[in-house]
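Student: Dropping the structure in here first, questions after.
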Amino acid sequence: MRVLCAFPEAMASSSSRPPSCLALVALFLALLLHLSLSFHAGNRRPLPVDRATGLKEKTLILLDVSTKNPVRTVNENFLSLQLDPSIIHDGWLDFLSSKRLVTLARGLSPAFLRFGGKRTDFLQFQNLRNPAKSRGGPGPDYYLKNYEDDIVRSDVALDKQKGCKIAQHPDVMLELQREKASQMHLVLLKEQYSNTYSNLILTARSLDKLYNFADCSGLHLIFALNALRRNPNNSWNSSSALSLLKYSASKKYNISWELGNEPNNYRSIHGRAVNGSQLGKDYIQLKSLLQPIRVYSRASLYGPNIGRPRKNVIALLDGFMKVAGSTVDAVTWQHCYIDGRVVKVMDFLKTRLLDTLSDQIRKIQKVVNTYTPGKKIWLEGVVTTSAGGTNNLSDSYAAGFLWLNTLGMLANQGIDVVIRHSFFDHGYNHLVDQNFNPLPDYWLSLLYKRLIGPKVLAVHVAGLQRKPRPGRVIRDKLRIYAHCTNHHNHNYVRGSITLFIINLHRSRKKIKLAGTLRDKLVHQYLLQPYGQEGLKSKSVQLNGQPLVMVDDGTLPELKPRPLRAGRTLVIPPVTMGFYVVKNVNALACRYR
């Protein structure tokens, strides 16, 4: 713009300027001031780093939730846990009485605790009481002279306790155990890579320790029996299982049961295949063993715990459902996302990977509903990476994107229970490490347990979708799920709603609550990595505060950050969080 009235450098006094010129200048300055104020009023946000980022941040996502009726209702124990029988091999079973481990497990109750895995079908029960004489593997001399004696002394001390048997293991004892487990970890990995497994002995003492851990932690034990003990005609040999059933019944242990683990792999690991109809007959045989035992006459039975539903696996499931579909209380299968030997940190952010589970769910549901419509389906033994996991990846913050999306997707598609492999174990897929410290997925699971109820709600968004280019599929990098808030959480009244959101974008996203959620108070629980490692961090922060245990018997308080009513939710890039929308008075959430 040119100003037609200009002044010389040696300006005269204002009184000497022509009146028409002064008016024109005044009008021009007023116009500039008005434009400046308008600009600043409408742009109170950080300046974009580049043009692309600026365009993304202008997209405001409107979010509403259907509050009249839930679309699904899952099990109260929806998020459950698994322990692998390898803890017998590496010695960690003897430390399940640890006060710290029990505290961590109790934080995730109520839940099922499945005792099963790849070594299920190599497990034999022996009714022995002396753990020192029955433990496999000689080990170094100091293990035999000191370590084993310490275990025996610890067991004697525990036997004197009434009720829950809790131990405080000395640091030296734990350090020796970590050395032993580290050596055994190499043996276990070799077995897994070669697909050849050695036999395991479960003693009565070990079963007592396992049940004590589950009972003290508020977990319901599901025990997977060995299905590979076969008679010459390929029928199941139940002698070892019957011995275990009689012992646990004599102790009045409240246990549910399974038979076998990934039966589709039996030919490769045992040289003898078991088809679906034979496995169905084996389950009927197990049911007939349980019914005469008063303690287990009404015990739940789950199976067949198949692997990824490829063509041959679907055929096995089909044969099983024809014969024993009505025998089991829920149909179970397993899922692994990535090969742990080749995984990279960016793999955990790939939406294509997050979506692989959805197709498997539909395949399983199709077979189950053909024979037993409405039968509950469980995903057991879900892991992010195979081969025991990958250090600094499957035990890091990055793995949480897969885990949280798995929880949201399974509930949305009607899967009743998901069992996480593993709560505590060798390798790097666990929730708790071998120093008994909770890893990022533990804190994520704890938040889920505290805030998420079993009722699933439908989410409606606007401003999120865009038209794909020809030949391309748009996969959401912003994932939003909604449930009724956990009614056991006394910080929130019935009728509140909890959102959990995954932002895989490299830019922040803004979400405006609309409809029934509009102008409601919100509590934010934003979970981010803590420390210099970023996505590879094994520590997390909640709303900027690092999460650590207070002591061996106390979990930290999970403090929310209150957001004022009507405030836009801002989701930072590559993060996840929970948002409790208070006092919605949602009809779907007011009653159990």
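Quick reminder: no glycine exception, Cβ is built from N, Cα and C everywhere.
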Student: Do you know which of Asn254, Asn275 is annotated N-linked glycosylation site by Swiss-Prot?
Tutor: Asn254
Student: Quick check on the record annotations: which of Asn233, Asn392 is tagged N-linked glycosylation site by Swiss-Prot?
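Tutor: Cross-referencing Asn233, Asn392 with Swiss-Prot, N-linked glycosylation site lands on Asn392.
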Student: Work out how many Å separate Asn392 (N-linked glycosylation site) and Asn254 (N-linked glycosylation site) at their Cα atoms, rounded off.
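Tutor: The separation of the Cα atoms works out to 37 Å.
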Student: Are there residues of the same chain, six or more positions away from Asn254 (N-linked glycosylation site), whose CB falls under 8 angstroms from its CB, and which are they?
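Tutor: Non-local contacts for Asn254 (N-linked glycosylation site): His220, Leu221, Val295.
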